[in-house]
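Per TrEMBL, the features are:
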{"type": "DOMAIN", "residues": "231-436", "note": "domain 'O-antigen ligase-related'"}
{"type": "REPEAT", "residues": "665-698", "note": "repeat 'TPR'"}
{"type": "TRANSMEM", "residues": "12-29", "note": "transmembrane segment"}
{"type": "TRANSMEM", "residues": "44-63", "note": "transmembrane segment"}
{"type": "TRANSMEM", "residues": "75-93", "note": "transmembrane segment"}
{"type": "TRANSMEM", "residues": "105-123", "note": "transmembrane segment"}
{"type": "TRANSMEM", "residues": "179-196", "note": "transmembrane segment"}
{"type": "TRANSMEM", "residues": "220-240", "note": "transmembrane segment"}
{"type": "TRANSMEM", "residues": "246-263", "note": "transmembrane segment"}
{"type": "TRANSMEM", "residues": "303-322", "note": "transmembrane segment"}
{"type": "TRANSMEM", "residues": "420-448", "note": "transmembrane segment"}
{"type": "TRANSMEM", "residues": "460-478", "note": "transmembrane segment"}
{"type": "TRANSMEM", "residues": "484-501", "note": "transmembrane segment"}
{"type": "TRANSMEM", "residues": "522-544", "note": "transmembrane segment"}
Amino acid sequence: MKLEKVLDKIIEYGFYLLFFATPLLFNPSRNFPSYELFEWNKMIFVYFMTVLITGAWIGKMILNKKFLVKRTPFDIPLVLFLISQGLSTLFSIDRHVSIFGYYSRFHGGLLSTISYLLLFYAFVANFESVKLKRLFSFIMSSAIVVVIYGILEKFGIDANMWVQDVRSRVFSTLGQPNWLAAYLAILIPLLLYKLFEKFNPSTSLRTGMQNDNEKFKIKLLNIVSLILIGLLAYICLLFTKSRSGFLGFWGANIIFWIGLFLIKNWHWVKIIKFQNIGSQLEKLIPNNKSTLINSLLSGWNNTLIRIFLLANFSLLIINFIIRTPFPQYNKYFTWEITQKQMQPEETTVPVGDSVINIGITDSSTIRKIVWKGALDIARAYPIFGTGPETFAYAYYKFRPAEHNLTSEWDFLYNKAHNEYLNFAATSGFLGLGIYLLLIIWILAWIIGKLFQTADFQNKVFILSLLAAFISILITNFFGFSVVIVGLYFFFIPAFVFILKYPVISVSNPENEPAKLVIWQKILLISLSLAVLYLCISLSIYWLADSFYARAVNSGRQTIYDQAYKEINIAIDMKSDEPNYHDEKANITSSLALAAFEQQDATLSSKYVLEAVSESTKALKISPQNINFWKTRTRILFALSDINSAFSQSALEAIKITQELAPTDAKISYNVAVIASRVEKFDEAIQALQKAITLKPDYRDAYIALSIFYTETGKKDKAKEILEEVLKKIDPNDMEVKTRLEKL
C-alpha cells in the first residue's frame with residue numbers, strides 16, 4: 001500500500017534525523033532565544049520525533065489491523081522501570097517537575113522517559129537491520145560536525161558568544177564539556193567498529209591490492225579517514241578536560257580491545273576454561289603449544305595486534321602532547337616530564353578551612369558532599385524517592401552543612417552528579433534497584449549475544465556497542481545523563497536486538513491493495529489530527545519558552561514594560577508553567593516600585609496585587625520549590641517600601657524557605673536582615689549566630705552580627721565578633737579593623 005510505504009519512510013528517515021540532528025541542535029538566536037540553549041532544544045526535538053514516528057507506527061497498525069509491537073528480552077525491566085518512574089511521579093514533592101523535567105534540564109522527567117521507550121519500541125518493531133549501516137552513517141556524519149566545531153572552539157571560533165571560557169574547555173554543540181565528553185566516549189568505540197568493518201579476517205590488504213587495485217585504494221582511503229576522525233574525536237575529548245569523559249572512553253577502549261582478542265581466540269579460551277587445573281592442564285598445553293602459538297600469531301591476529309598498537313600508541317602520543325585532565329598522569333607521561341621545575345603538586349585542603357584560604361574547592365570534594373546529601377534524601381524517602389527531577393529542591397533540606405565551606409556554597413545543585421545516587425534520591429531504592437536491574441539485564445544479554453554470534457563483523461559491531469554502553473555507565477557515575485546520552489542508553493540494546501532479530505515486513509503485496517474500511521479511515525483521520533495537535537502544542541511550548549527567555553533578558557536590563565508584555569505572552573501560551581508566573585511576580589514587583597516612585601498609587605497598587613498573585617500561582621503548582629519561596633521573600637521585602645506590612649509577610653516567607661533549606665547559611669543571614677526590618681533584633685541575632693555556626697567563615701554574617709550587637713548596646717560582644725573575623729578569616733581585613741577602632 002502506498003500509504004504504508006509513506007509511513008515506513010517517515011519512521012526510517014525519522015530515526016535518521018533523530019540521531020543526526022539531536023547532537024547538533026542548539027539555539028543561538030537573539031530574536032527567538034531559548035532560556036536554555038542546548039538541552040531544551042534537543043528535548044523538544046526528541047518530543048517532535050517521538051510524535052511523528054509513533055504516529056506513523058500507530059498508522060501502520062491501523063492499516064494492518066494488528067498490533068505491530070515486537071517482544072524484546074528487555075520488556076520486563078523496561079516496564080518495571082516505567083512503573084517505578086510513574087509511582088515516583090505520583091508521590092513526588094513536585095509533580096509538575098517530575099512530569100516535565102527540571103526547567104533548564106528537561107531530560108529525566110516522566111515525559112522524556114515515555115518518549116525514549118516509545119522510540120525504542122517503534123525502532124525494534126519497524127527498523128530493518130540492513131538499514132543500520134545507513135543509520136550509522138548519519139550518526140558518524142553528525143559526530144564529525146560536532147568534533148570539528150569542538151576543535152575550532154579551542155581556537156576561538158565562537159569565543160565571543162559565550163560567558164564561559166570555551167577555549168579552555170570546549171563544549172561544541174552539546175553545551176557543557178562533560179556532556180560533550182560523554183557523547184564522544186560513546187561515539188569513538190563505534191568508530192572502531194567502522195574501522196574494523198573495512199578489514200576482512202579472511203583477506204589482507206595485500207590480497208585486496210592484488211585482486212583489485214581500485215577497490216584497495218578506496219578501502220585504504222576509508223581506513224585513513226576513519227583513523228583521522230577517531231583521532232580528532234579523541235583530541236576534542238581531551239579539549240573538554242573532562243575527567244569523567246576521559247575515564248569513560250578509556251574504560252570503553254579497554255573493554256573493546258580485550259573483548260576483541262577474546263572473541264577472535266574464543267576457541268582457545270573455551271579449551272582452557274573447561275580443563276581441570278593441574279595435570280590435565282599441563283598435558284593440554286604442551287600438546288597444543290605450537291598450535292596455540294600459531295593461532296595467536298596468525299595473519300589476522302598479527303593484523304589485530306598491529307591495529308591495537310597503532311591505535312593506542314597514537315592515543316598515548318596525543319596524551320603526551322595535549323595532556324589529560326589528570327595532573328598525576330601528566331607529571332610522568334606527558335611533556336611535563338621534560339620540565340626541569342616540576343609543577344607544584346595539587347593538594348586538597350580539608351573541608352572546614354576558609355574559602356578565602358582554599359580558593360576554589362576541588363570538584364571531587366564537592367561531589368562527595370553532594371553524594372552524602374543524596375544518600376540522606378534516599379534514606380528519608382526510601383521507596384519512591386522525592387520524584388523524578390526534584391533533586392534541586394530535595395537536596396536543600398538534606399544539604400550537609402560542610403557544603404557551606406566550599407567555593408560553591410551558594411550554588412544550586414539540580415543533580416547529584418552521580419546518576420545512580422540521583423535515582424536513589426529521586427526514585428527511591430526501588431527506582432534505583434530497577435534501574436540497576438535494567439543495566440545488568442542489558443549487559444548480560446548483549447554479552448550473551450556477543451559470543452553466540454558467528455559472523456565476525458557482527459561480533460565487532462556488538463562489542464563496540466557494549467563498549468559504548470559501558471562508557472555511559474562510567475560517565476554517569478561521575479555525572480548525569482543528558483538527552484543524547486539518554487537516547488543511546490535506550491538505543492544501544494535496540495541496535496543489538498535489531499541485528500539479532502531483523503524486522504520482517506508485514507506490508508501487503510503491491511498487487512493486492514487492501515481497501516480501507518470506514519473505521520480505519522476514522523482512526524487515521526483522528527490519528528492525523530492528534531499528531532497535528534501535539535506538534536502544534538510543542539511548537540507553542542517552544543515559543544512560550546522563547547518569550548520567557550526574552551522577558552528574563554529584558555528584566556535584567558531593567559526594561560520592565562517590555563518584559564511585562566513578553567512574560568504575559570508566555571503565560572498566555574502555557575499558563576501551567578510555574579516559572580513563568582514566578583518571573584512575572586519579579587517583573588510586576590519592579591513595576592510596582594517604579595510606579596510608586598512616580599507617585600502613581602493606583603498603578604502601583606495594581607502591580608503589587610499582581611506580583612503577590614503571580615507568586616502565589618507559582619507556589620500553588622510547585623509548593624516545594626525553594627527558588628519560588630526566595631522570589632516571594634524578595635518581592636515582599638521590596639514591596640515593604642510601599643507598604644510596611646509586607647515586611648512581616650516577607651519574614652514569614654523566609655522562615656518557610658529556611659524550613660526547606662535548614663543548612664543554608666545565606667538564608668539564615670536573610671532571616672536576620674528581614675527580622676531587623678520589623679525590629680526583631682533578638683531573632684536577627686539568633687539567625688546570624690546560626691549562619692556563623694553553619695558557615696564559620698561567613699564574613700558578612702560576622703559584620704552584621706557586630707552591627708546588631710552595637711545597636712542593642714552590646715559593644716563588648718560586637719568587638720569579640722569582629723576579632724573572630726581577624727583570627728579565623730582574614731587578619732588583614734581593613735574594614736573590620738576600622739570598625740574595631742570605632743568601637
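The backbone N, Cα and C atoms fix where each Cβ goes, and this holds for glycine too.
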Cβ under 8 Å, sequence separation of at least 6 from the ends of the repeat 'TPR' (665-698): give me the contacting residues as numbers and ranges.
352, 354-356, 401, 404-405, 409-410, 633, 637, 640, 647-648, 650-651, 654-655, 657-658, 704-705, 708-709, 711-712, 728-729
DSSP residue counts for the repeat 'TPR' (665-698), split into helix, strand and coil:
27 helix, 0 strand, 7 coil
In the same chain, which residue numbers or ranges, 6 or more beyond the ends of the transmembrane segment (246-263), come under 8 angstroms Cβ to Cβ?
181-182, 184-186, 188-189, 192, 196, 234, 237-238, 269, 304, 308, 312, 315, 324-326, 450-451, 456, 459-460, 463-464, 466-468, 470-472, 474-475, 478
Overall pLDDT for the domain 'O-antigen ligase-related' (231-436), taken as the rounded mean:
81
Select the range from 12-29, 75-93, 460-478 that forms the most Cβ-Cβ pairs under 8 Å with the transmembrane segment (179-196).
460-478
Need a quick answer: max count of Cβ pairs under 8 Å to the transmembrane segment (420-448), which of 12-29, 44-63, 460-478 is it?
460-478
